[in-house]
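Working notes for the structure below.
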Amino acid sequence: MDRCIGIINGGDNENNFGGLCKHRPVYMLPFGGRYRLIDFTISNMVNNGIKSVAIYTGKKMRSTMDHIGNGNPWDLNRRFNGLFMFPPILENDYGLYTGDIHQFHSTEPFFEYAKEKYIFICNPDILAKVDLNEAFKYFLDTDADFTLIYKKQTDSDGDFIRKDKMIIDKDGNLKSMGLNLGTEKEFNLFLEMGFIKKDVFLKLIRQSIERGDTNYLRDAMIQNKENYKVNTYEFKGHVENISDLKNYYDANLNLLNEEIANEMFYENGLVYTKSKDEPSTWYGRDSRVQNSIIANGCIIDGNVENSIIFRGVKIGKDAIVKNSIVMQKGIIKNDAIIVNSILDKYTTVEAYARIAGSSTMPYVVEKNQTIRKDE
Amino acid sequence: MNKKKVVAMLLAGGQGSRLKTLTKHIAKPAVPFGGKYRIIDFPLSNATNSGISDIGVLTQYKPALLNSHIGIGSVWDYDRNVGGLRILQPFTSEDGGRWYTGTANAIFENIDFLEEIDAQYVLILSGDHIYKMDYNDLLEVHKEKCADVTIAVMEVPWEEASRFGILNVDESMKIVEFDEKPENPKNNMASMGIYMFNWKKLKHYLVEDSKNKNSSHDFGKDILPKMLEDGNKMYAWNFEGYWKDVGTVKSFWEANMDLLGENNTLNLYDKDWRIYTRPKNLPPQYIAETAIIDNSLINEGCVVRGEVNNSILFSETRIEEGAVVNNSVIMSNCTIKKGAKVNNAVILEGITVEEGEIIGKEGGEEIYLVSDEGILVE
């Protein structure tokens, strides 16, 4: 994997998350008690031996800067290679920049200068612990220009409606790409990740800029697929495609399934994140915790059930937290009740206050908010 | 700005033989404590939180794990461009190699290091103690009194005073007498083994002491009494707070249990005085539907399906359904299988307690130390 640069293409698709993405990009959403979505992507790259990781941050990049820092948790704070952060360029003399093609074009020297000949590119909103070494080997062995990674996804609940659907021929080459409308029991879900030869990548970028016919790499690739060898690689593990509040909530609670948790947390190596140096979690005499994921630094005196509790949360006596996600440093006071809710960082729920969403539409408390009891 | 430089010298070579199998493979400062720490994390965190930017760590006894735990000190922000952390091991020179033969000798052997980095004050610390202290408080008193050495002391229960080095002082806290483990102590102020020296003065006494064939080259027994005899200005500074030197398996167990007590004074949750340790990058803990947990500290990577009362679980320990753990300290990567019962125990890393096995007695006084060599009762 030394010969491959990793690119994280952080988009600006933040409208479907209630208040959670007011101040952060989707890939910075907290996940699994102590992580951010992007931790899974970076860690998987690093664990598979990628030495250079470039992050296209998108516009709301303050939390990204704070979290990623110099890349230390992922050992990307190298003197050679390591982490590259690309804040967005929003306009130039010719007009507004809209798609990722323009972002890639503006960082062309980075690609030209890099000695690596191949690129792994992915969307950090999709979590899948793909064995990148295996996939890379397939890409090289088949001498493909692109290898796109997909999963044969069943979707009885319609969670994957309007997601990218790939039509693949019997040799594993891409025939076409469309949207899943749920007409088939199982479809080929494009995981928005894949390998590409660097010279092909640069050629497509320049061509798209010159012709002005597309703003996105994905579209450029599909429009030109007749000219290149575009094949596919199947991933068989668990996938979370975080695209709205509901599937973000579900993806978190899915971690209460032991098999899924083990795959997400341990497969192909550990997930690294910024350390908060919290002590262990203390469970008080009156606490009752069932089927929950609890991070360190919490002080738990109340009841927690089917929930994900992030670092440094305090839950008071006789409080009830059920089917909920409580992010970092949340304070739930005595006798408060929280059901089917997502509490962003640094929220406070006062004593005897009650909040509840439904399992299909969780209630969201935004960052730094305080919920008081109704008078 | 000509700021006078404080260099901390952390003595971390101790064996801690009374800790039995706890220190079979590791030095005492590397012994795990409090759910996720090693004892040495406390003085190292104190040093960095006190803004000390130069620190030497003197290791000797089985240093492999300690050295890899400390690394270049990045966890404590000691991976610095100017200053930083240095591991100071015994070394060889023209006249052969020498082990550190005493606390003072360990510093004597590193005189060149302290000269090289131009120390003004040298703070002697022990890697064996569990406490939180702002060393600036000690330094302030030291400067204020224009002292040659200032010693941190704390009041110990009178009945225990004869176990410690007791300092007798006048009303200005000037030390008038050292009383090493006195039968009839005159007061209850015990030396904590934390000393702030003027480097020039200390250097003089270290060199002199090194020539004395009858000396044991120990701060408490040789250097400090000699300095007092010569009429140096020596002061005591009274520290208030939690402090523990865990000498035995029982006191190790007690120190851990202190964290669960209602009157615990060692606050690990203070965000303004964090205790740092090397992160293991583990996922959060999972508490299953069948779990019952009462007054316990549980760390990352644990899976709890059984019952845990008044206990501390280190990382990645698994408590199976129906297993019961009472009043125990269970270190990393242990498995307590179905139906097993563990009482008043300290279980070392990687031990599996088999199905139905019973360790310890409920309500007993004894502590059970479980290692791959079997069970020791204390």
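Even glycines carry a Cβ here, placed using N, Cα and C.
Annotations in TrEMBL come from automatic prediction, not curation.
Binding of alpha-D-glucose 1-phosphate is annotated in TrEMBL for B:Tyr100, B:Gly165, B:Glu180, B:Lys181; the matching candidate from B:Ser74, B:Ser126, B:Ser191 at the same site is B:Ser191. Applying an 8 A CB threshold to same-chain residues 6+ apart, the list for B:Lys181 (alpha-D-glucose 1-phosphate binding site) reads B:Ser162, B:Arg163, B:Phe164, B:Gly165, B:Ile166.
When the binding-site residues B:Tyr100, B:Gly165, B:Glu180, B:Ser191 are compared by the number of other CB atoms within 10 angstroms of each CB, B:Glu180 has the fewest.
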